[in-house]
Amino acid sequence: MEPLILTAAITGAETTRADQPNLPITPEEQAKEAKACFEAGARVIHLHIREDDGRPSQRLDRFQEAISAIREVVPEIIIQISTGGAVGESFDKRLAPLALKPEMATLNAGTLNFGDDIFINHPADIIRLAEAFKQYNVVPEVEVYESGMVDAVARLIKKGIITQNPLHIQFVLGVPGGMSGKPKNLMYMMEHLKEEIPTATWAVAGIGRWHIPTSLIAMVTGGHIRCGFEDNIFYHKGVIAESNAQLVARLARIAKEIGRPLATPEQAREILALNK
């Protein structure tokens, strides 16, 4: 089984300080949190940005400020920017940060109900985004929220629109309106991915109460794991986590106890095909 890659989604676009008082918002706070997460075992930072008042943002100069701040304190970590933005963000603003040419960024594979909103990813926009990844030479992580999106991604590969190989898939399970994080759902998604895109690597982000069940399954079946305040603000039920690093450290400890090594930065880049 290959080494485990832990990703820390430290801020997100929907979580607020009212939900999680320890949420990092400014570039300086994000850099401090990224360093702590790296030291706890994370090798990827999934990055959304905020304005100082907490509003979600896709401003290029703000992204660059956050990226530079993180690079200054932890140059080894992989920074994966979000092209999802906040629900309702214009597609042009979502796409724009690819011009910064990060190592990695997210590509959402379809539309779904997202709580009380609709997270719109029109097929034409998905194709446009996939072409932008190639234009800027950015490695995609494809975000999949239900099984039909695996089929949609497989079709894009067959058409030559997505060419990254191996392709990294992130199962995002437990979003209200999407597939839940029940173990049988994750097991099915794993099998379905193997059938449709056999060379793909995968990770899981279990939202809220599904964080631990999905993480444990991934840990023992060869998948990788995302954690952090974007997905889950609690350490235990009803107990607010002290930091993103606390969530990373728990997964790192469990991995050590079951004998699955954590990936080094070099191994993570190799697994995610960032060196190709």
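Glycine is treated like the rest: Cβ placed from N, Cα and C.
Annotation source Swiss-Prot lists (5S)-5-amino-3-oxohexanoate binding site at GLU14, SER82, GLY85, THR106, ASN108, citing experimental evidence. Annotation comment: Swiss-Prot describes HIS46, HIS48, GLU230 as Zn(2+) binding site, evidence class experimental evidence.
Distance between Cα atoms for GLU14 ((5S)-5-amino-3-oxohexanoate binding site) and HIS48 (Zn(2+) binding site): 10 Å, as a whole number. When the Cα atoms are compared, SER82 ((5S)-5-amino-3-oxohexanoate binding site) and HIS48 (Zn(2+) binding site) turn out to be 6 Å apart.
For THR106 ((5S)-5-amino-3-oxohexanoate binding site), other Cβ atoms within 10 Å of its Cβ number 22. Comment: (5S)-5-amino-3-oxohexanoate site residues GLU14, SER82, GLY85, THR106, ASN108; largest CA to CA distance 16 Å, whole number. Here ASN108 ((5S)-5-amino-3-oxohexanoate binding site) is positioned 16 angstrom away from GLU230 (Zn(2+) binding site), judged by their C-alpha atoms. Nearest neighbour of HIS46 (Zn(2+) binding site) by Cα distance, taken over the binding-site residues GLY85, THR106, ASN108: THR106. Taking a C-beta cut-off of under 8 angstroms and a sequence separation of 6 or more, GLY85 ((5S)-5-amino-3-oxohexanoate binding site) has the following same-chain neighbours: ALA13, HIS48, PRO56, GLN58, LYS93, ARG94.
Annotated Zn(2+) site HIS46, HIS48, GLU230; additional same-chain residues within 8 Å of its Cβ mean position, judged by their own Cβ, are ALA9, ILE10, THR11, GLY12, ALA13, LEU47, SER82, GLY228. Using the Cβ center of GLU14, SER82, GLY85, THR106, ASN108 for (5S)-5-amino-3-oxohexanoate, the list of other same-chain residues with Cβ within 8 Å runs, in sequence order, ALA13, HIS48, THR83, GLY84, ALA86, ARG94, GLU143. The least crowded of the binding-site residues GLU14, GLU230, judged by other CB atoms within 10 A of its own CB, is GLU14.
Long-range neighbours of ASN108 ((5S)-5-amino-3-oxohexanoate binding site) (same chain, six or more residues apart, CB within less than 8 Å of its CB): THR83, GLY84, PHE119, ASN121, ILE126, VAL142, GLU143.
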